[in-house]
Amino acid sequence: MALIRLGFGRQHFCLLKRRSFLMLKLAALVFAVVLFCEFLIYYLVIFRCDWPEVKTPASDSGQKTLKAMFLADTHLLGEVRGHWLDKLRREWQMERAFQTALRLLQPEVVFILGDIFDEGKWSSSQAWADDVERFQKIFRHPRHVQLKVVAGNHDIGFHYQMNAYKIKRFEKVFSPERLFSWKGINFVMVNSVALEGDGCHICSEAEAELIEISRKLNCSRKQERRSGPCPDPQLLPASAPVLLQHFPLYRRSDANCSGEDAAPLEERGIPFKERYDVLSQEASQQLLWWLRPRLILSGHTHSACEVLHGAEVPEISVPSFSWRNRNNPSFIMGSMTPTEYALAKCYLPYEDTVLATYCVAAGLLVVLILVHSELLPSPFLFGWNLLRKFKT
């Protein structure tokens, strides 16, 4: 009787040991997959990105190079259209991507080209405060890194939705600054939603600001065309500006855009609507005439595109930074001096890569459980038996 009990005890102990070993293997697999998909993959992908080099090295010209990051259309979900799981997944992706980029690339300034929020155009005061708090957590940054934000139509509404309250609410958090100069480089940040051209109060104020900026820029270059006298004791750096805005300048469509992150082929030929998809032709010509930029960066379309205006001014449409808008989000890295610039694109992890990794891991979990339950032969045992049959 004692021997029987001892046998049952050993059998029970072996069963518990096998189960514990299985649970340990399952836990290790789950931990490894989550660690890879939610942390390590961002380092592996962004580590491959590097700052481009300007044609004339800053050390040779005596100019300092500014490292600037440009991203667009983060679209943080609000309380109305934002499902909690969608919020959690997409905001975690952007947080890990942004924090990893800051750590590995160490930019000096980051520009976000509008549509920071998805529901800023209609959110209540409390919802706005909640969205801002989440934004500040996701895009937190060291004090030595500057973060500049341009307003988009989802932040303050389209022209007929925006009002002074929404604009002041936005500028209270992100500053009303329109002209930013650093290391001899001028950046002009335009509220492109206000360039409707219908003479509304907000539009008139925006145009007056741009005319004043144009005067200052012309004075710095000692070209007073349409700018009036130059009494300012402190001139801006004598450098053509970089224009930053949410809406792209006028173009008929994305038909001439190319690349893996351009709009889908079936959408590229769809004509753009002025004042909705792009700025009007009149507003676009005014900006080019007033500011005479050397480079334009914009967002809004969620897809990449490179356009040349007037045969000399390039515009880069920056794709969305969020998985919610694209499977292959990215951002632009710019090495800039007062006279030169070089741009490179840095892709983030593809969403379908992460999902495929989770699916493969789930399949392995099922196989391990079936093998343990003896519902499926061990792969090693199956291979050994197959080899023996082949030999015989």
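Backbone N, Cα and C atoms are what each Cβ position is placed from, and that goes for glycine too.
Divalent metal cation 2 is bound by Asp73, Asp115, His302 in Swiss-Prot, and the record lists one more residue there from His159, His246, His372, which is His246.
Swiss-Prot lists Asp115, Asn153, His246 as divalent metal cation 1-binding residues, and of the candidates His201, His300 the one it assigns to that same site is His300. In sequence order, Ala72, Leu113, Gly114, Asp115, Val150, Ala151, Gly152, Asn153, Ser192, Val193, Ser298, Gly299, His300 constitute the residues six or more apart from His246 (divalent metal cation 2 binding site) in its chain with CB-CB distances below 8 Å. Sitting within 8 Å of the Cβ centre of Asp115, Asn153, His246, His300, and not among those site residues for divalent metal cation 1, are the Cβ atoms of Ala72, Asp73, Leu113, Gly114, Gly152, His154, Asp155, Ser192, Val193, Phe247, Gly299. Report note: the divalent metal cation 2 site is defined by Asp73, Asp115, His246, His302, and the residues of the same chain whose CB lies within 8 Å of the CB centroid of those residues, excluding them, are Ala72, His75, Leu113, Gly114, Gly152, His154, Gly299, His300, Thr301, Ser320, Asn325.
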